[in-house]
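Working notes, beginning with the structure itself.
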C-alpha cells in the first residue's frame with residue numbers, strides 16, 4: 001500500500017493529538033484518584049503508618065530544625081517536623097516532600113500560643129506516627145518527652161549563625177513538657193521577658209535539640225524494630241501518685257496522663273492560689 005506525504009503528516013498529527021488527550025485523561029484520572037479515599041472512609045493511600053522511615057544525621061536535623069523555627073516565623077512545631085520529614089523529602093522525594101508542612105505552624109507557642117504541649121515536641125513526635133502505630137510509638141514518645149523533662153536545655157548553639165541572639169544561653173531542666181511551664185520557669189529563673197529575643201532564641205535552640213533527639217530515636221528504632229524500649233524510667237511522682245490516682249478500681253482513679261506531676265501539684269510558691277491577696 002502506498003502512503004502519500006500528506007497522509008503521513010495527517011496520520012502523525014492525529015497520533016500526537018490522540019496521545020495528548022490520553023495524557024490529559026490520565027492526569028485527570030490521577031487527580032480524581034487522589035481526591036478519593038484509598039478504599040473508603042478513614043482509609044488512606046498506602047495504609048495507616050505506611051511510610052518508610054530513613055535514617056538521618058541528628059546534627060543535620062538539628063540545624064534544619066533551628067533554621068525552620070525562624071523560617072517565616074513558622075516556629076517550633078514546623079521546624080522540628082520539617083527537620084525529619086522535610087529532610088527525607090529533600091533526600092528521597094515522594095511521599096515525604098508532598099506533605100503540607102506549613103500546617104505545623106499551628107503548634108507555635110504550645111499550639112497557637114495556648115502554652116500546652118511544647119510545639120517542638122509535638123512536631124518531633126508526630127513524625128513517628130508516619131511510620132509506626134500507637135503501640136510502637138508509645139515508648140518512642142516516652143523516650144523523647146522524659147528526656148525533655150530532665151535534660152538541661154538548650155544544648156544546641158548555632159554560633160555566628162544565630163538568628164535571634166548570639167552566645168550562650170542559660171540552661172535548665174523544665175521538668176515539664178508544657179510550653180507554659182517550660183518557658184515561664186526559664187524566664188522567671190533568669191529574669192528574662194517571655195516576649196524577648198532571648199526567649200525566642202531559646203525556643204529555636206530547643207527545637208534543634210528536640211529534632212536531634214527525635215532523629216536519634218528514629219535511627220535506633222530502625223535498628224531495633226519492635227525491641228525498642230525507652231531508656232528513661234517512669235518519673236517518681238507518676239509512679240507514686242499513680243498508685244491511687246491512676247489505678248483501675250481505686251476511688252481516686254480520676255487522673256490521666258504520665259507527665260511529671262510535680263510542676264503543677266508540688267505546692268511550691270508558683271503553684272499556690274494566685275487569686276487570693278495577689279498584688
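Glycine too: its Cβ is placed from the backbone N, Cα and C atoms.
Now, the feature entries from Swiss-Prot:
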BINDING   76, 118, 179, 203  [2Fe-2S] cluster binding site
BINDING   180, 261, 264, 265  heme c 2 binding site
BINDING   241, 244, 245, 274, 278  heme c 1 binding site
MOD_RES   33  blocked amino end (Gly)
SIGNAL    1-32  signal peptide
Checklist outcome for this item: Counting other C-beta atoms within 10 angstroms, the emptiest spot among the binding-site residues 180, 245, 265 is 265
Checklist outcome for this item: Nearest to residue 264 (heme c 2 binding site) by C-alpha distance, among the binding-site residues 76, 118, 241, 244, 245, is 241
Item to check | Spatial neighbours of residue 118 ([2Fe-2S] cluster binding site) among the binding-site residues 180, 241, 265 [C-alpha, 10 Å] | outcome: 180
Next on the checklist: Taking the Cβ of each of the binding-site residues and counting other Cβ atoms inside 10 Å, which one has the highest number: 261, 264?
Outcome noted: 261
Next on the checklist: Which one is it: of the binding-site residues 118, 179, 203, 244, which Cβ has the fewest other Cβ atoms within 10 Å in this structure?
Outcome noted: 244
Checklist entry - residue 261 (heme c 2 binding site) to residue 76 ([2Fe-2S] cluster binding site): how many Å between their Cα atoms? => result 24
Checklist entry - If you measure residue 241 (heme c 1 binding site) to residue 180 (heme c 2 binding site) at Cα, how many Å is it? => result 22
Checklist entry - Cβ distance under 8 Å to residue 76 ([2Fe-2S] cluster binding site), same chain, sequence separation 6 or more: which residues? => result 69, 107, 108, 118, 119, 120, 123, 203, 204, 206, 207, 210
Checklist entry - If the [2Fe-2S] cluster site is taken as the center of the Cβ atoms of 76, 118, 179, 203, which further residues of that chain fall within 8 Å of it by their Cβ? => result 75, 77, 107, 108, 109, 110, 119, 120, 121, 182, 183, 206, 207
Checklist entry - How big is the Cα-to-Cα gap, in Å, between residue 265 (heme c 2 binding site) and residue 244 (heme c 1 binding site)? => result 15
Checklist entry - Which are the residues of the chain, 180, 261, 264, 265 excluded, whose CB is within 8 A of where the CB atoms of the heme c 2 site average out, their centroid? => result 176, 178, 181, 259, 260, 262, 263, 266, 271
